[in-house]
């Protein structure tokens with residue numbers, strides 16, 4: 001091998017090139033999260049937190065939170081944290097979830113405004129309330145009452161993106177069955193009573209609007225002693241209707257953890273995925289005896305059976321540390337680091353619908 005390349009480097013390169021065909025066993029401590037590239041910073045930060053205080057009773061939760069906070073601060077791919085995915089009014093808002101697999105308790109915020117640390121606020125919902133989800137301006141007030149700083153989530157880049165979108169007649173957007181025609185005009189809109197829901201302007205295959213950069217960070221932490229935790233953080237879909245909540249803060253959709261069965265992390269077309277709760281489905285499949293690969297593929301197939309073309313990506317792990325992913329509509333990747341690994345590695349997950357299409361063409 002070339003003198004400047006280690007076996008680990010070559011292995012990582014091969015991992016990046018080869019699509020996943022079987023589950024990978026990585027003994028805990030283990031961190032797994034959606035996506036690669038800048039998202040591996042979350043993997044490494046969470047892993048360092050997971051291995052720093054092995055006796056802490058909240059170790060998995062703390063590690064998951066550390067990973068999600070890293071991507072929020074780094075604005076990973078501009079799809080996590082402040083300064084990305086402005087809504088129709090040019091405002092960036094945040095969704096986040098954190099879940100304790102030991103108790104099944106969860107804390108979440110949705111449509112959080114003017115507070116950058118969304119997963120930190122979600123952790124406060126988990127630790128200091130009996131609720132699961134707070135939303136909108138009231139979630140912001142809760143954050144301020146708990147000492148979080150109030151600051152703008154917009155940046156020059158996010159405002160520029162929004163202004164360019166408006167100058168392009170607000171295209172694309174998420175409106176349907178309204179006047180003026182949302183396919184060519186900005187609002188204000190009003191309901192078009194002459195169009196029924198079955199005649200919607202938006203194709204039924206997917207609710208996403210050509211937004212390939214809409215990448216949610218969803219992360220799993222499996223501690224050496226068994227407890228599991230997950231977190232999810234995102235700034236949602238670009239140009240969404242103000243007030244929209246995606247699947248990220250929904251337990252069972254954005255992520256799910258049960259220390260008696262396993263965990264799941266998800267990304268994709270949130271408006272569709274939250275209808276079928278793929279992470280809850282996958283973890284329950286683990287409980288019934290499926291492998292992580294079987295559980296992941298089963299959950300994705302249930303979605304594309306009802307919504308062909310939907311963009312999905314999920315990764316599933318069992319209590320031993322065996323993990324696998326499945327996806328549809330795009331090439332999904334996930335990152336992981338566990339055991340004695342010195343850095344995060346990446347797994348490429350080939351789209352299930354692509355595999356089916358190629359077989360049909362033969």
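Glycine is treated like the rest: Cβ placed from N, Cα and C.
Features as listed in TrEMBL:
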- 1-23: signal peptide (SIGNAL)
- 216: active site, nucleophile (ACT_SITE)
- 244, 245, 246, 247, 267, 268, 269, 270: substrate binding site (BINDING)
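Positions of the features from TrEMBL, shown on the structure.
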residue : record                   : Cβ within 10 Å
216     : active site, nucleophile : 31
244     : substrate binding site   : 18
245     : substrate binding site   : 21
246     : substrate binding site   : 26
247     : substrate binding site   : 30
267     : substrate binding site   : 31
268     : substrate binding site   : 30
269     : substrate binding site   : 26
270     : substrate binding site   : 29
Rounded to a whole angstrom, what is the C-alpha distance between residue 245 (substrate binding site) and the residue listed as 'active site, nucleophile'?
13
Cα-Cα distance linking the residue listed as 'active site, nucleophile' and residue 247 (substrate binding site), given in Å to the nearest integer:
10
Under DSSP, is residue 268 (substrate binding site) part of a helix or a strand, or is it coil?
strand
Just the number: how many Å between the Cα atoms of residue 267 (substrate binding site) and the residue listed as 'active site, nucleophile'?
5
In whole Å, how far is the residue listed as 'active site, nucleophile' from residue 244 (substrate binding site) when you measure between their Cα atoms?
15
What three-state secondary structure does DSSP assign to the residue listed as 'active site, nucleophile'?
coil
Does DSSP put residue 247 (substrate binding site) in a helix, in a strand, or in coil?
coil
